[in-house]
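To start, the structure itself, in structure tokens.
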Amino acid sequence: MQLDKIPPGENPPHDIYVVIEIPGGAAGGSPVKYEFDKASGALMVDRIVNVPMFYPNNYGFVPNTLHEDGDPVDVMVRTEVTLVPGSVIRCRLIGVLHMEDDGGLDDKLIAMPIEKVDPFQAEIQDLEDLPIRHRERIWHFFEHYKSLEQGKWAKITGWGNKAEAQKILMESIERYKASEETA
């Protein structure tokens, strides 16, 4: 897959593309953390999560972005179905989970498929619209997913709304563009 050929979206920050790396959910969720290798385009096994948990939602990134941690911006996509790693889905942002880990700042944007892709969740427009149980699952997963890995840690610093998520995304797009100009 040529990740550099995929733009951040149709109309960022309102209509974005998310490249799925890790399937989520109880039915098809995975304890395996995959990451795309930018140089080869291959989907690489980064590690197997050491705690007996699966990703609660599909997980990936927005292409052609650069978060403050030096990686593309991370996104958790809430769907009723498990998505295949390598698939690209059009989404809209609803919020952000602010985090820090052993590598520094590590925000997780929270997104829903656009209405054309999944009309059954159109009523969820902001983080507060997402049922509390879903938010609790996301929080719990990221609070504990590194707890058995030696030398790794994760700390959640709070939730942010849709506007905060959109701001982080746009800053990450600009940071990526600036890094490409100096490369």
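Using the three backbone atoms N, Cα and C, a Cβ is placed for every residue, glycine included.
Just one of Arg47, Arg78, Arg133, Arg135 is listed by TrEMBL for the same substrate site as Lys33, Tyr59, Tyr145, and that one is Arg47. The Mg(2+) 1 site recorded in TrEMBL comprises Asp69, Asp74 together with one of Asp46, Asp102, Asp106, namely Asp106. Taking CA atoms as the reference points, Asp74 (Mg(2+) 1 binding site) and Lys33 (substrate binding site) are 13 Å apart. Tyr145 (substrate binding site) sits 14 Å from Asp106 (Mg(2+) 1 binding site), taking the C-alpha atoms as the reference points. Separation of the C-alpha atoms of Lys33 (substrate binding site) and Asp106 (Mg(2+) 1 binding site): 15 Å, rounded to the nearest whole number. In three-state terms derived from DSSP, Asp106 (Mg(2+) 1 binding site) belongs to neither a helical nor a strand segment and is classed as coil.
The record assigns Lys33, Arg47, Tyr59, Tyr145 to the substrate binding site, and the maximum Cα to Cα distance across that set is 15 Å.
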